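TrEMBL annotations:
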type	residues	note
DOMAIN	3-253	domain 'Carbohydrate kinase FGGY N-terminal'
BINDING	Thr11, Ser12, Ser13, Thr268, Gly311, Gln315, Gly416	ATP binding site
BINDING	Thr11, Arg15, Thr268, Gly311, Gly416, Asn420	ADP binding site
BINDING	Thr11, Arg81, Glu82, Tyr133, Asp246	sn-glycerol 3-phosphate binding site
BINDING	Arg81, Glu82, Tyr133, Asp246, Gln247	glycerol binding site
DOMAIN	263-454	domain 'Carbohydrate kinase FGGY C-terminal'
Amino acid sequence: MSYLLALDQGTSSSRSIVFDRDGHIVAMAQREFRQLYPQPGWVEHDPRELWDSQRATAQQVLARLGAEARAIAALGITNQRETTVVWERASGAPIYNAIVWQDRRTEPICAALRAAGWEPLVQDKTGLRLDPYFSGTKLKWILDHVPHARSRAQRGELAFGTVDSWLIWQLTGGRVHATDVSNAARTLLFNVRDNRWDEELLRVLDIPAELLPAVYPSSHPYGEVAAGVLGEYGPRGLPIAGVAGDQQAALFGQACFRPGLAKNTYGTGCFMLMHTGARFQPSDNGLLTTSAAQPSTERAYALEGSVFVGGAVVQWLRDGLRAIATSAEVESLAASVPDAAGVMFVPAFTGLGAPYWQPQARGAIVGLTRGTTVAHIARAAVESIAFQSAALLQAMSRDAEAGGAGPVAELRVDGGASANNLLMQFQADLLGIPVVRPQVIETTALGVAYLAGLQSGVYRSLDEIAALWRQERRFWPTLPRSQAEALMARWEHAVRQATAP
Ligand SMILES: Nc1ncnc2c1ncn2[C@@H]1O[C@H](COP(=O)(O)OP(=O)(O)O)[C@@H](O)[C@H]1O
Ligand SMILES: O=P(O)(O)OC[C@H](O)CO
């Protein structure tokens, strides 16, 4: 029996999961770490805590397996994307905290670059936008603000990495400085058409090339875990064989390998990705183009849209309004009324992401009457997750049609909030296509386990992996299309109210 170990370094916790060859979970451990908010709009992690928490969970699952840990054929790494770490090559010490993807401090840098007319070039080469979300301006900020950082970088003394590179460095005892295409694609520095760091973009952002990691396919022999790093049960010479950004890993774990196959992850935010095949396809509808996980040197792309506040709206009901005690309770509260009675909730707490890109928007609850109860607000909150996701899928479908792909036939779902049946049914009703939940919703970790398994010979083909995908439940649309369209029109009206100056 071959096992695969996936390290999933997420925004709020580090997880390690061991899968068997059929994609079943054998052991799992999770640990949270501190979120640091040094100033409004700033979000940081301590890179040492990311590594310590990740290592601790890996050691925990290995200890749980004991002698069976020897059956682990390979290790895969998947991670929160864009988050930026710079460290000293000699000592391995970070020179600044990790600047997290949510951090907005580099908006002035982005605004200056937009004003100088760089956005079309950036979009054409990277598929991204000039937004603080991505690594490039975060790296520039560190080089601009940490004393001597740029000159030290030019002398080759420093290393930059997204979280995958940081973990690879630690796991290999500082021997390997590398990343994969799906992570490099989120930096603003990587030309996703040619799969290489782009000299012109490096010049525009004033980034010395000496900082950059080597870029490999998502299935690749990255190196071996150094002796002792994973404790007494760490298998000797364990190969790091798969690396991918978490959303691309989830697309892979959902077996979306062909154009038109799409998944939506319902976590704190929502991330919808649709595979678009081997051709770079720009979006005309406010989405990003990104590299999908690439198990070989063959190109693979996806369209991506992110909703900033997804399951987080439920956390707000819990912690802000104190309307529920646990996130799961929202389902019964929302189900206690037949509908939201005309209430629309636009949870634009931190602006709106794709396809609206309205950083100044703020939350709005509209359509209140004397009859409105907390149950209606809870229902509208749950529905807002589906409305935002439906707007993404509409944009994606328009792009897919323009690119010659057929319509999206079904939406595969995962993430914590995909457990909410009411939400999933409403999603299917709005979309007019089936919403399909797999048996394993840890698809991020599963995806990178598959990538590592392809490299290490546990799997021989994508078909073999696709055959392992198992449906747990399918939600069929039941609402007449005219009613769904009327609801979407009311949603768009509410969005306009939330974005009005
Ligand atoms: N039954 C539920 N209905 C709606 N939202 C839920 C439910 N259970 C969890 N959530 C939300 O899902 C999110 C957690 O999902 P998870 O996939 O663990 O997120 P992340 O990976 O972003 O930390 C939280 O925002 C939580 O409020
Ligand atoms: O860590 P998650 O699951 O919130 O995902 C974060 C994304 O990768 C950010 O782009």
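Along the chain as shown, residues are numbered 1 onward.
Every residue, even glycine, has its Cβ placed from backbone N, Cα and C.
A TrEMBL annotation is a machine prediction, not a hand-curated record.
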Compare the C-alpha of Asp246 (sn-glycerol 3-phosphate binding site) with the C-alpha of each of the binding-site residues Thr11, Ser12, Asn420, and give the closest one.
Thr11
Could you check the binding-site residues Glu82, Asp246 and say which one's CB has the most other CB atoms within 10 Å?
Asp246
Find the average pLDDT over the domain 'Carbohydrate kinase FGGY N-terminal' (3-253) in the predicted model and report it.
95
Just checking a number: largest C-alpha distance across Thr11, Arg81, Glu82, Tyr133, Asp246 for the sn-glycerol 3-phosphate site, rounded to a whole Å.
15
If you measure from the Cα of Arg81 (sn-glycerol 3-phosphate binding site), which of the binding-site residues Ser12, Gly416, Asn420 is the nearest?
Ser12
Measuring Cβ to any atom of ligand 1 with a strict under-6 Å cutoff, which of the binding-site residues Arg15, Arg81, Asp246, Gly311, Gly416, Asn420 qualify?
Gly311, Gly416, Asn420
Residues among the binding-site residues Thr11, Arg81, Tyr133, Asp246, Gln247, Gly311 that border ligand 2 - Cβ under 6 angstroms, in sequence order:
Thr11, Arg81, Asp246, Gln247
According to DSSP, which of helix, strand or coil covers Asn420 (ADP binding site)?
coil
Minimum Cα separation from Tyr133 (sn-glycerol 3-phosphate binding site), reported as the residue among binding-site residues Ser12, Ser13, Gln315 that achieves it
Ser12
